[in-house]
Each structure stands twice: as structure tokens, then as C-alpha cells.
Amino acid sequence: MALIVQKYGGTSVGSIERIQAVAERVKRWREQGDQVVVVVSAMSGETDRLLTLARQLQARPEPRELDVLLSTGEQVTIALLSMALAASGCPARSYTGAQVHILTDSAHNKARIRDIDAARVRADLDAGRVVVIAGFQGIDEQGDITTLGRGGSDTSAVAIAAALQADECQIYTDVDGVYTTDPRVEPKARKLDRITFEEMLEMASLGSKVLQIRSVEFAGKYRVPLRVLSSFEDGAGTLISFEDNAVEDAKISGIAFSRDEAKLTVLGVPDQPGVAHRILGPIAEANIEVDMIVQNVGADGSTTDFTFTVHRNDYAQALDILQHIATDLSARHVTGDTAIVKLSLVGVGMRSHAGIASQMFASLAKEGINIRMISTSEIKISVVIDEKYLELGVRTLHEAFGLDRAPAAAA
Ligand code: ADP
Ligand code: ASP
Ligand code: MG
């Protein structure tokens, strides 16, 4: 008998029929003799709908109140799924995050899970029930409801699987696994049977929203066996593998991209020690995360241009800060651009292959795509390009690195 945690995303519970289909799938696992804990998202579109309601009242609602509101989406689905399970003859019980003590810090809208008390869940499982838990939500030490950030139900599921020492955490979604890139952007994207944990971590952190980054971090920390698969059809999905050498012998495993980017440039600052700190200090103090940074030496040799990227949501605030310190910095001008995206190649195979970066740059150049910024690490290369080239860029690289074809097996 195995203990399985299954998470169903918004589309997978998007209608009564879909909820019934989930109940049937859960029942099949139960009938095989497995114990099943189900974590659900809100019905598709619900979290956005709630956000729109809130913003009609206040441009920036109090994060605490927003969490009270947003957490209701998942509460609807747990109750409906438990009813669907009962109707199909499968005893089930639903719980909100607070009811199973998913304790988080108090960072509303982006809380982190600290602890889960699995005793109540175990008692239900031992009594032969399916346990249905609301994803995306928890409770802090003051007893206030918190949420974990968009896509947070993935993290709830992995955290619950870790707390229960489950045999596997299965993330059921609207695609049948992790692909070489988002199949919505490149229809030739190929499903991967396995991806290394390290690569999945990079893909998620560089913008692939198929798994929330924190869920991958959690899986790594607690060694939770994690699989992404379809709730619409049967199949083995994609296993997030902890073995480096278990994967296909590819140089590149996938292409990630992020539309959540914005770029800021301070032009003509004196080329002196301390300038980077004077620019980025106030940005850090405002809790704005900086991603890529480029500093050029200006044409006259005595001034420099300083460019960096931030999350698009932080753009307005970052620009405001820079405009305030520009005079102090004796800067000539401050500019910004939100029509940019980040495109990244990811693969552990990059470690042992030189020349990937130049192949990437040459392919983009051939299509007339200008690279605005570059950053690299051992297993990834990221470039910032104009937003209008996103689709072309993804498809060009997908083709250039032969990602639509399965690589030859390792010799
Ligand atoms: P859910 O609501 O089930 O959590 P999400 O929309 O959060 O589903 O995640 C699934 C989506 O992730 C897919 O529909 C797909 O468009 C997108 N996606 C992005 N990158 C990838 C990738 N590399 N492989 C598969 N799906 C991806
Ligand atoms: N419902 C939340 C969201 O839309 C959490 C999730 O689906 O994972 O982001
Ligand atoms: Mg998701």
C-alpha cells in the first residue's frame, strides 16, 4: 500500500464535470489499495476573479484582507470534490489549510510554510478516508489566514507529501508532463520522461510556470519524489529525477522564458567605486529583487551606464526610487523599458559542452533578434530581448538545439 499525494490545478477542477472526473481518478487509486491525499486549487479563473473584485474597491488592498478573500477559492473546491467523492462511494473529508495546521510565516500573499501537523490527516487515512486539502493557503502564528503566492498549491502538495513522507507527489495539470518548452508557445515542444531536479529548479526559477519554484525547492530539500502528469489522460508524465545521470544525453533540456521582466538604466553616472552600491542600495531597501545587472563604460571614459532588471510588478516603484536619487548620483538620465522578456536555455549537459552560448547568440542574430543583456551560470544561459521577439526566439532556439527530436541515448 502506497501513500500518494495528488494535486489538481485550476483547469483540472474547472467545472462540475471536471471535479467528477477527478473523483473517479482518485477512486481508482483508492481501489488499488493506495492511501490518497488530494490537494486542490481554486476552479480556473477564480483567483483572478477574486483579485478583480478586490481591486474594484482598492488599488492596493491590505495583504491580510486579500488572503482572507483569495483563500475562499480553494475552500469551494475542497467541499465540492469531497461531495463528488462521496457521491461515487468513496468516503472523503475536506480540510482548509488552517484545519490541518499548515503553519506559515506572516508574509501575506507570499507566505512560506514552516510546519504541518500531519496527525489529523493520518487518522483519516487510517480510517479509510480520502483527505482533501485546500492548496495555496495556511495560517500564521496569530491565527490569520495566509496564501503562498500564485501557483502556490504546488508547494502545498509537496509540503504535505514531505510531512507525510508520501511515496510520491503527483501534480496533475492540463499538460501531460514537463515539456522542452511551453507547448503553448512552441507546438513542437517535446514531453520529457525525466528531468533532473536541478534543471527543473532552473526552469521554474526562470519562468516555467508548470511548477511553482518553491514546490521544487521543497521537493529537493525533503527528497520528495515528484511527477507532473495530465488530469485529462492517462500516462506516466514527467518524473523529476534526483539522479543526474539518469537523463537523456542532451546538451540542453529546455527553454524557459519570463514575461515578468522590466529593465531600468541609469545613464551617465560617474565611473567611480561605490556607484553600484549607491544605485542598488535603495532598491534593496525597498525589498525589490534585482535579477540581471550590466555596467558599461561610457564613451568618454569617465561616466558609465548602469542597467538592471526587476520583476515587472516592481518596475514603477524602482523607477520612482531611481528618479529620486538621480541628482544625488549626478546621473544624466534615468530610463526604463517594460517591453522586454527573458529567454533561457537550461541543461546540465551544458557543463560538459563548450560553445553553447555562441551557438545561441548566432541563432538569435540570424533572425535579427537583438540581445540586450546576458547572464550565465553553470547550467543556464539567459538573454533579455524585446518582447515582440519572444515567440520567434523560443522557436528559433528550439529548432537550433534540436529539442523537438529525442537525443540519442548515452553511449
Ligand atoms: P495548474 O492550473 O494545473 O497549476 P498551470 O497553468 O499553473 O496549471 O501550469 C500548467 C501550464 O504550464 C501549461 O498549460 C503550460 O502552458 C505551462 N508551461 C510552461 N512551461 C512549460 C513546460 N516547460 N512544460 C509544460 N508546461 C509548461
Ligand atoms: N489558485 C491559486 C492561483 O491561481 C493557487 C494555485 O492555483 O496554485 O494562483
Ligand atoms: Mg499552477
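For all residues, glycine too, the Cβ spot is worked out from N, Cα and C.
Automatic, uncurated: that is what TrEMBL annotation is.
Copied from TrEMBL, the annotated features are:
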- Lys7, Tyr8, Gly9, Gly10, Thr173, Asp174, Tyr179, Arg184, Lys209, Val210: ATP binding site (BINDING)
- Thr47, Glu74: substrate binding site (BINDING)
- 264-339: domain 'ACT' (DOMAIN)
- 345-411: domain 'ACT' (DOMAIN)
Record-listed ATP binders Lys7, Tyr8, Gly9, Gly10, Thr173, Asp174, Tyr179, Arg184, Lys209, Val210 have a maximum CA to CA distance, in Å, of 22
Using a 10 Å radius on the Cβ of Gly9 (ATP binding site), the other Cβ atoms enclosed count 24
Taking only the CA atoms, the spacing between Tyr179 (ATP binding site) and Thr47 (substrate binding site), expressed in whole angstrom, is 25
Among the binding-site residues Lys7, Gly9, Thr47, Tyr179, the ones with a Cβ under 6 Å from any atom of ligand 3 are Gly9
Taking only the CA atoms, the spacing between Lys7 (ATP binding site) and Glu74 (substrate binding site), expressed in whole angstrom, is 12
Residues near Thr173 (ATP binding site) by Cβ (under 8 Å) yet at least 6 apart in sequence within the same chain, in sequence order, are Gly9, Thr11, Ser12, Val210, Val228, Leu229, Ser230, Ser231
Taking only the CA atoms, the spacing between Lys209 (ATP binding site) and Thr47 (substrate binding site), expressed in whole angstrom, is 16
